[in-house]
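Inspection log for the structure reproduced underneath, given as structure tokens.
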């Protein structure tokens, strides 16, 4: 007997029967609902059940199951959950488990809400005693791993393996968990999980698991452990495939081990494995990220040649590398190639290009790319808009970025980018507005946003709000990181709130965060507050924790201690550090030596050096330290430091360092020490160069050892060194000073014959030497024959010739030389003019002297020199103006006296260009004073006068005269 026809109209007639009060049997209802289920009339099932429920007709567990499945098949998971929770006890074990599997799967997969699936799973285990299948547990784990929610993934895994459920998990689950930890940047947890799984005996790893394990080890930088693992697996008979090698190579790239990655790729190819599109893409991506885009492009060509078709990931990797290097046009060429071969582009590729465009500052082109995206049917997501917003902010167009953000539904990155940009320009009003919008959007705060908000509060001086936000971080499931503590400490230190900064620093010390930047910042702040003892304690703690001391912080502390306690303060610090591991404070101790040397505290510097030697530390002598000692006429101390230093110290010294000391020793007259240091350097394997020997030759000449200097010069070629222009210049100059002009000219000719080009200084040495002795004909011969065609005479050459003729009293020739070279645009210098003016004045030819004086005062080089003296004196009246006035008044002798004063001011010792003394002549020129000062720079006149007085028995007058002259010498 049939209770219902097999037509849709029959269905409605049965429903009509129910409405009329007819009560079918449970068996009939069951058969009817199963019939509807086979027809997938799920809505009809639910409508029919609603009528049954309204009639309060009792139904059995099979009917409850059919209704539950109807809800599930209609994806009405919330209704299904509610229905199942009410009636689950009426279902048999198998259908109940199957329904829960489907319900959890529906939320986790279809709705992409694995967290809801986890809630149902917890409820199942806690309240219903129902265990979903192992497949459900595994699918939940996979979903959480994909989302990076590893805490939830591990919770599901623990439920799966507890004693009540006791489902085994396989290598695919294990590899998924390991991969998940690596993706979130916690490879150490991946390694720990693997070791626990193996140690517990629940897992026998296969190649799949080992493949993901290699990634974790590479990320941790444990390259040697990877090699050991591979060797062990080879011994156990594992055969590696392309996937294993690709993962291994990818791990090396992520760990920054480029060379190791390329070596493994070569090994893979040598073992006969052909690269596929994945392995090629990994190589290309790794090379592009390292900046080797040209090599990546070469690989792209190779893979195409081998018949391996690049995919979108391959092309995107290269385009990202090109954009990173600023090669936008090349990136767009590749982009157009992608389009031409018919590969469908995605949003990420556009984001990559837009980011590259923004970095170049071409924002108009970036907006054009947005339009191009939409034309291709790619709807820009917040990822794209965040890229544009970031580009606008980088270009300083923060207001425009703000406007763009108002047209999209922003995320935490949107608001953190805007907030950080407004903080940088210190726009407080905009900061407050962005914060308001962020709070209104009710977006969960991440750690980056929290740190930016802290920075904003501190910028505004809202220290209470900053502290409140910091205290609220645990409630938001946020853990302070290095940036958090650094931001808070910096904010407090900036306004001098050292107590609050120290309190925050103590919070850092209690945490697991180990931030060198915070230690450095607090040390710097303590130094500024003068709390040097506390700063030293923090320094010691920093080193004990193995943290890095910033060089700026180190030097700030040293300078502060020296400013407060002088040399004793530095020595106190150094002795206080003796308890520490020697190597950690090496840099600071070397800096202490440098500081003490710069301050002229050489004894203290040597004491620090001796402490370092006792501790077996490597003392570095950078050129700055050695040069400081030499510049302070402490070459002998530098010499002693070097010869008494250990092997490790000397290994850092090169020929430049030795030459600096040798040059200083020669200048200070320690020739024997200089020669000893040469031998010492050679014994340490340092090859001395021509510059070193130039210092020695010059030192010998200065000590009157010209013969020895020439012998050393002759020996240079024997030791494989070629004398330079400087070498010849030193010897020629000193030969001329000794009056050995023929030897000087022979050396000059020898120099030219060897292909060296004498400079003007060398020629001037010979010319000036001849002129000093009045041998003007020889001087002119050198100028006309030897110089011409090789080098152009300069102002010094002209002035030397003028001086020579003036000494002979031949003013006509002196004037002729002046005029001849003037016509060639070579003017005399200050002294050339002075010699001429004095010469004509002595001859009584005052008008000619006056004309030359007038010409002198418009000479560019002379005016510059006089102005330099003016600047040094800072007098209200211009010296040049005063001289012009004297010239116009015809007072040439008085002008000469002032010019002599200028000469003695510029060259007070006759040769030192760097010392100056104050002029006292602008008003009443004291004739007697000038006369006495003339003696200062004329030793022969001084000696002659003193000798004459002594010979005639006028010792008292001689003594008074000497004291008078000494009083005029520069102090």
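Placed from the backbone N, Cα and C atoms, the Cβ positions cover glycine too.
Annotation comment: Swiss-Prot describes 1-64 as transit peptide, evidence class sequence analysis.
Across the repeat 'PPR 2' (137-173), DSSP assigns 26 helix, 0 strand, 11 coil. Marked as repeat 'PPR 2' by Swiss-Prot: 137-173.
DSSP places the residues of the repeat 'PPR 3' (174-208) in helix, strand and coil in these numbers: 25 helix, 0 strand, 10 coil. Here Swiss-Prot flags 174-208 as repeat 'PPR 3'.
Packing against the repeat 'PPR 5' (247-281) from elsewhere in the chain are residues 211-212, 214-221, 223, 226, 230, 241, 287, 289-290, 292, 299, 303, 306, 308-311, 313-314, 317: each is 6 or more residues past its ends and has a CB under 8 Å from a CB in it. As annotated by Swiss-Prot, repeat 'PPR 5' applies to 247-281.
According to Swiss-Prot, the feature repeat 'PPR 10' maps to 422-445. Beyond its flanks by at least six residues, the repeat 'PPR 10' (422-445) meets 398, 402, 410-412, 415, 452-453, 455-456, 459-460, 476, 478 of its own chain at Cβ-Cβ distances under 8 Å.
Looking just at the repeat 'PPR 11' (452-486), the mean pLDDT is 89. The feature repeat 'PPR 11' is assigned by Swiss-Prot to 452-486.
Residues or ranges marked as repeat 'PPR 12' in Swiss-Prot: 487-521. Below 8 angstroms of C-beta separation, residues 451, 454-455, 458-459, 461, 463, 466, 470, 480-481, 529, 531, 538-539, 541-542, 545, 547-550, 552-553 of the same chain, each at least six residues beyond the ends of the repeat 'PPR 12' (487-521), sit close to that stretch.
Under 8 Å from some Cβ of the repeat 'PPR 13' (522-556) lie the Cβ atoms of residues 489, 493, 496, 498, 501-502, 505, 514-516, 564-565, 569, 573, 576-577, 580-581, 584-585, 587-588, 591, 595, all in the same chain and six or more residues away from its ends. The repeat 'PPR 13' annotation in Swiss-Prot covers 522-556.
According to Swiss-Prot, the feature repeat 'PPR 16' maps to 626-660.
Taken residue by residue, the repeat 'PPR 17' (695-729) breaks down under DSSP into 26 helix, 0 strand, 9 coil. Marked as repeat 'PPR 17' by Swiss-Prot: 695-729.
Using a Cβ-Cβ cut-off under 8 Å and counting only residues 6 or more beyond its ends in the same chain, the repeat 'PPR 20' (800-834) has close neighbours at 764, 767-768, 770-772, 774-776, 779-780, 783, 792-794, 840, 843, 845, 848, 852-853, 855-856, 859, 861-862, 865, 896, 899-900, 902-903. Positions annotated as repeat 'PPR 20' by Swiss-Prot: 800-834.
With a threshold of 8 Å between CB atoms, the same-chain residues lying at least 6 positions outside the repeat 'PPR 21' (835-869) that come near it are 795, 799, 802-803, 806, 809, 811, 814-815, 818, 827-829, 879-880, 883-884, 887, 890, 892-893, 895-896, 899, 902, 905-906, 916, 919. If you look up Swiss-Prot, you'll see 835-869 marked as repeat 'PPR 21'.
Mapped onto DSSP classes, the repeat 'PPR 22' (870-904) shows 27 helix, 0 strand, 8 coil. According to Swiss-Prot, the feature repeat 'PPR 22' maps to 870-904.
Sorting each residue of the repeat 'PPR 5' (247-281) by its DSSP state yields 26 helix, 0 strand, 9 coil.
For the repeat 'PPR 10' (422-445), the DSSP counts in helix, strand and coil order read 17 helix, 0 strand, 7 coil.
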